[in-house]
């Protein structure tokens with residue numbers, strides 16, 4: 001009899017075949033299209049025949065932490081609580097990184113699978129995600145970033161550098177993601193986990209547009225690993241945490257709205273607080289600039305007036321109240337500001353100009369965060385069954401689809 005587990009009000013059938021769910025960070029669908037057109041992704045091209053290729057929506061804000069945690073909980077941020085890479089903790093009155101598992105409000109499917117007796121493995125590119133994804137997980141869990149520190153007691157596996165045959169990659173490199181895939185292949189070949197979650201970094205997508213030689217080479221690398229996983233009998237399910245767009249004008253200059261500077265000029269200093277949830281320890285490739293921001297208002301600043309002021313700025317797509325944003329994007333009310341501001345497709349939002357170091361932006365700015373980066377792929381190496389009319393699909397449906405609806 002098929003064993004079921006229930007997690008966050010959804011049921012999952014435990015698979016008898018190794019299942020690999022892959023989150024390709026920043027995978028705007030055009031990257032795949034261009035790689036296929038260039039003949040660089042033959043395995044992905046074949047999936048239109050024997051697999052399933054769909055499109056879904058990611059969570060907004062379209063950032064790494066909220067979406068990875070939505071995928072592994074099968075639920076939106078209103079359930080699991082992770083609504084950014086960075087947030088303002090109103091209890092401590094401090095701006096803090098959301099990398100600690102203490103901020104997680106829901107169990108993960110990964111941990112519950114392990115409790116049910118499955119061997120579960122998690123490999124992330126950046127170490128910032130490891131504590132969140134590995135929360136209460138008794139299995140294998142490590143990052144490529146700190147692969148030289150992997151040990152049996154803490155990570156469930158050892159000698160990973162020797163097994164993979166690669167040195168520890170730079171966190172700002174395509175090699176960081178390739179290490180994830182190579183480690184996944186080693187685990188599949190040797191330990192053969194029942195379920196594996198692989199999460200990459202979007203360094204390449206931040207630097208290189210779809211169809212460029214660098215982007216096509218990166219997708220060719222991934223395609224070769226997808227094929228090898230398939231040849232070893234694994235169920236392969238691929239999605240993304242968010243898309244990616246250029247955030248520049250016609251000649252490649254960054255389109256940045258420094259909201260804190262604009263609000264200070266309008267209302268005075270210390271009257272508002274702009275918080276950018278894209279902020280994380282790795283800012284070189286995006287300068288902590290994304291298309292989503294939250295704004296906290298002091299008592300003397302009228303909300304309606306602030307909404308009208310922000311909405312009138314060229315490049316702003318929408319301004320929502322806290323309740324509107326939480327309803328539309330399924331966010332936790334106690335962890336966002338009074339207002340949510342969304343940038344248009346070609347525009348990013350900053351705080352104050354002197355708080356952003358743009359020296360690392362050696363190529364035209366590409367970033368994410370808004371609704372313009374919400375469309376992501378849902379790709380499987382099997383046919384879907386039992387979904388005559390799937391309706392709106394989300395990236396956090398991928399584990400349900402991979403375990404409950406594949407032929």
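Each residue, glycine too, has its Cβ placed from N, Cα and C.
According to DSSP, residue 242 (Zn(2+) 1 binding site) is assigned to coil rather than to any helix or strand. What Swiss-Prot records for 25, 64, 241, 242 is Zn(2+) 1 binding site, and it gives experimental evidence as the kind of evidence.
Per Swiss-Prot, substrate binding site is recorded for 64, 202, 242, 368, and the stated evidence type is experimental evidence. DSSP assigns residue 64 (Zn(2+) 1 binding site) to a helix.
Residues annotated as Zn(2+) 2 binding site in Swiss-Prot: 202, 206, 368. Its own atom aside, the Cβ of residue 202 (substrate binding site) has 26 Cβ atoms within 10 angstroms in the protein chains shown.
Packing around residue 241 (Zn(2+) 1 binding site) is summarised by its Cβ count: 29 other Cβ atoms lie within 10 angstroms of its Cβ, all protein chains included.
Excluding 64, 202, 242, 368 themselves, the residues of that chain whose CB lies within 8 A of the CB mean position for the substrate site are, in sequence, 25, 26, 62, 63, 67, 205, 240, 241, 243, 244, 369, 373. Using a 10 angstroms CA-CA radius around residue 368 (substrate binding site), the binding-site residues that qualify from 25, 206, 242 are 206, 242. If you draw a 10 Å sphere around the CB of residue 25 (Zn(2+) 1 binding site), it holds 26 other CB atoms from the protein chains shown. Counting only the Cα atoms, the space from residue 64 (Zn(2+) 1 binding site) to residue 202 (substrate binding site) is about 9 angstrom. In the three-state DSSP assignment, the secondary structure recorded for residue 25 (Zn(2+) 1 binding site) is coil.
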